[in-house]
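Now, the feature entries from TrEMBL:
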- 1-22: signal peptide (SIGNAL)
- 55-77: transmembrane segment (TRANSMEM)
- 118-139: transmembrane segment (TRANSMEM)
- 151-172: transmembrane segment (TRANSMEM)
- 184-207: transmembrane segment (TRANSMEM)
- 213-233: transmembrane segment (TRANSMEM)
- 359-458: domain 'Calx-beta' (DOMAIN)
- 489-588: domain 'Calx-beta' (DOMAIN)
- 607-643: region 'Disordered' (REGION)
- 703-724: region 'Disordered' (REGION)
- 704-724: compositional bias 'Acidic residues' (COMPBIAS)
- 750-771: transmembrane segment (TRANSMEM)
- 828-848: transmembrane segment (TRANSMEM)
- 860-880: transmembrane segment (TRANSMEM)
- 900-923: transmembrane segment (TRANSMEM)
Amino acid sequence: MTRLGCWLAVAALVALAGLADAGSNCSAADATRNCIDGLVVPIWRPFLDLTTGDRVLRGVLYFFVIAYMFLGISIVADRFMSSIEVITSMERTIVVKRPGLDPMEVQVRIWNDTVSNLTLMALGSSAPEILLSIIEVIARGFEAGDLGPNTIVGSAAFNLFMIIAICVVVIPKGEIRRQKHLDVFCVTATWSIFAYVWLYLILAFFSPGEIEIWEGLLTFVFFPLTVGTAYMADIKIIQNRFLPHRYRRGSHGQMIATEAEEMKMLENGSPQGADPALKAFEEHRQEFIELMREIRKQNPHITPTELQKQAEYEMISRGPKSRAFYRVQATRRLIGGGDIVKKRIDKEHNKALDALVQAQEKQLRDNTCKIFLDPAHYTVLESVGSFDVVVGRDGGPDGLTVMVDYFTEDGTANAGSDYIPVKGTLTFYPEDKHQKVTIEVVDDDVFEEDEHFYLRLTNLRVRTKDGIIIDPTRIGGLPVAQLEMPNTATIMILDDDHAGVFGFDHDHFQVVENCGHLSLQMKRHSGARGKVVIPFRTIEGTAQADKHFEMKEGEIVFEDNQTEATIDIGIIDTEQYERSDYFYIELSPPIWAKKMNDLSRIQERFQRRMERKRGSSVASESKDSNTETGDDEVTTALTPSQLEIAEMGKPRLGEFTKCQITIRESKEFQGIVDRMIKNANTRIMLGTHSWREQFMEALVVSAGDDDDDDEEGDDGEEKEPEEPGCMDYFMHVLTVPWKLTFATIPPTDYIGGWATFVVAIFMIGVLTAVVGDLASQFGCWVGLKDAVTAISFVALGTSVPDTFASKVSAVQDKYADNAVGNVTGSNAVNVFLGIGIAWSMAAIYHWNKGTKFLVDPGNLGFSVLIFCVEALLCIAVLVLRRSKKVGGELGGPTALRWMTSMFFCSLWLMYLLLSALEAYCIIPGF
């Protein structure tokens, strides 16, 4: 559809050229009116009494030169829009206070989107039209010209009719696009129509044929009024001030209570509700999270690296982008610059690889030998006999021999009675990576609490090749060897003479939601004899069973001499950015499944005796007692101390028998989302850091497919990178001179983008002055008036990049704001800046000279009037398309979308035809 619109425009230009001869009798002076020297380009002499062949030849040459100049303007406008994007993407940090949670720092944009779209963004896309109007007035000695004002009106007509016509039909089948900020659209649409109504009034009503100072200045003043009213509509200042927050207006005008919104405002601590920037940030973040889930659902077996790379591309591609981004993207694809997003992701990926390589190189440079304990904590049974403590070595220069002393130190365990103390020296030869220290534990049959002692490393030294032992810190001023933490090992001795005490280490644990499952460790201390079963169950808290965690009830079995066991609970990943749900795991009293050999027999006998004593005589009890003793001549009665020992030997629960498990958000997932939000800032994609980077980009050609925005296959896998085609190479070669010229513009990192802004707009002004001269002289050769050249050829040339940008934004964006809303705002800004500044300067100049600034309202007034009538019809159709039958301004049923598109195209052709016919006096004007 984009190509169809371009061919339609070319056909219209050919038809207008044919009208030149038909209307040649309008005025005898029209034939040579444009044949004058320009501000920059002198007229091609001779220019009088030329043959038809000479005029055709010169017309063709000028046509291609002007087209090439428009290409240059598009490329320098790329740099200009990049600077604007960097400027308007500047961020500030705000701290959000949340009830019951820690404050959160959020990066939000300083510039409001509506304000940036109507100021710098509109200036960037309309700079050629605005500058052409100003330069033409200056070039003609502050006299009115036809090229500048008519270019503004013609560009507005092409933008409103043709660009929207293209955007209506390019939406994928079955989809629609609606205005998200309808209030802003209504304001800008009103101002866009008012701007041209006002232009007609100052031309033909207030002071016909003359522009006074107040008219020019008031025209300019309407620009800040447009921005201010659109901003008020965007932040809904009127609704917030005059409409109670506990109500909202429904679709049929009724008032509906919204207590949830009121509670949200109370939580924010402000009656005005949340910061709009913060609200937008939260909305964008939620969109990113949903997209991550969608990608994971489509590719359940995707690797984390591929998921991250694909998510980055999708998030940036689908995320909210500015008008500047689409304008730059369209231009770079057109000239063989490739896809901005894909190139930036590849660049960031290469940066990550470079960082990894540098880290590895840094590790190689770090040539210090490290001695450490691995691990630093040991838990052994009292009956273990002996065990080894491992000392590790890492790094260091080749051929280095290292020695370190070690010794044991008492904690609650005493040397001699609980363990055998050791002391000595370990020697690490060049090929050694580990050494062991063997420690012996003393076993006894006395019940006691668990105890611990330490093994410490000290006095590190190295042996040189000459056999000299020296301090490692005195070699070359840098340490070649050092003791690394941990350099102390803690050895815990568990008493295994009784059944033990069971429980958790703590009463609260945290897990991340993407861990898959929780392995909660249970400990057994103060004994390890016998087989013990510990029942457990999960209990709901704020986390719901089988939605956030696996509901489970079961038993944990501790075998004889087993001191640790784990409870495995499944954790369900809900992929939330912030989360703090909890549930509990509770232990029940232990069951002694296998009694101990000694004390368990005493306890078992005691229980049987007590049972028999209640149900039998003393004699039978004595008989049973003598019979029961049998081979076991340990005892015939239990003393109080034995009963106490037997009771102490029973398994029991410790201090922490109920543990709260809190499920928190995944920092990895949160980091990915944060990184996506950061990368979605198009300042990163459009900005440049150095002149070297700009010249490299100018010399590199990339694939520039602007028709397919699907970068993935049907199976969700990313396509292989496309190679540049013949057209890409052709456009690259054609535009290399422009690219290299504009690579001299300062990078956007300088002065926050303002250096690029100033230099780029100066270059746009120079090129626009050249185009203005060439376009006027082009009309001289082919017999076209400036007014007709402006509304057709020049307006088309300045609007082609916006056409491609709007087409891409219509397809990729979720809403129609970038494709439709920005067109109306830009049309208003063109008049208020392009006409307001130029005519104010001319009116003030003539007032100072004591003369009048005269402007012929004839053709311009007629063109403006036709545009105003057709613009009202266009806006009315867009509003009607929001009804339920269609659902949005863009897209919709196939028949209706094509009918709408054809209607808008006919409006543009009708405007072009009527304006041209009036210019050549074929139909009467004013």
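The backbone N, Cα and C atoms fix where each Cβ goes, and this holds for glycine too.
Since this is a predicted model, take the numbers as computed values, not measurements.
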In contact by Cβ distance (the transmembrane segment (750-771), the transmembrane segment (55-77); 3 or more pairs under 8 Å) | yes
Between the transmembrane segment (900-923) and the transmembrane segment (151-172), do 3 or more CB pairs sit under 8 angstroms, pairs being 6 or more residues apart?
-> yes
Contact call for the transmembrane segment (118-139) against the transmembrane segment (900-923), three or more Cβ pairs under 8 Å = no
Distal contacts, the transmembrane segment (213-233) - CB-CB under 8 A, six or more residues away = 112, 114-115, 118-119, 181, 183-184, 186-188, 191, 194-195, 198-199, 202, 206-207, 825, 828-829, 831-833, 835-837, 839-844, 847
In the domain 'Calx-beta' (489-588), how many residues does DSSP assign to helix, to strand and to coil?
-> 3 helix, 57 strand, 40 coil
Other parts of the chain folded back onto the transmembrane segment (828-848), taken as Cβ under 8 Å at six or more residues beyond its ends = 118, 122-123, 126, 129-130, 132-134, 136-138, 142-144, 148-149, 152, 155-156, 188, 191-192, 194-196, 198-199, 211-213, 215-217, 219-223, 226, 855
Determine which residues of the chain contact the transmembrane segment (860-880) at the Cβ level, with the cut-off under 8 Å and only residues 6 or more beyond its ends counted.
-> 146, 149-150, 153-154, 156-157, 160-161, 164, 189, 192-193, 196-197, 199-200, 203-204, 787, 791, 820, 824, 886, 889, 900, 903-904, 907, 910-911, 914-915, 918, 925-926
Sequence-distant residues near the transmembrane segment (750-771) by C-beta distance (under 8 Å, 6 or more away from its ends) are 38-41, 66, 69-70, 72-73, 76-77, 79-80, 82-87, 90, 127-128, 131-132, 135, 139, 687, 742, 794, 797
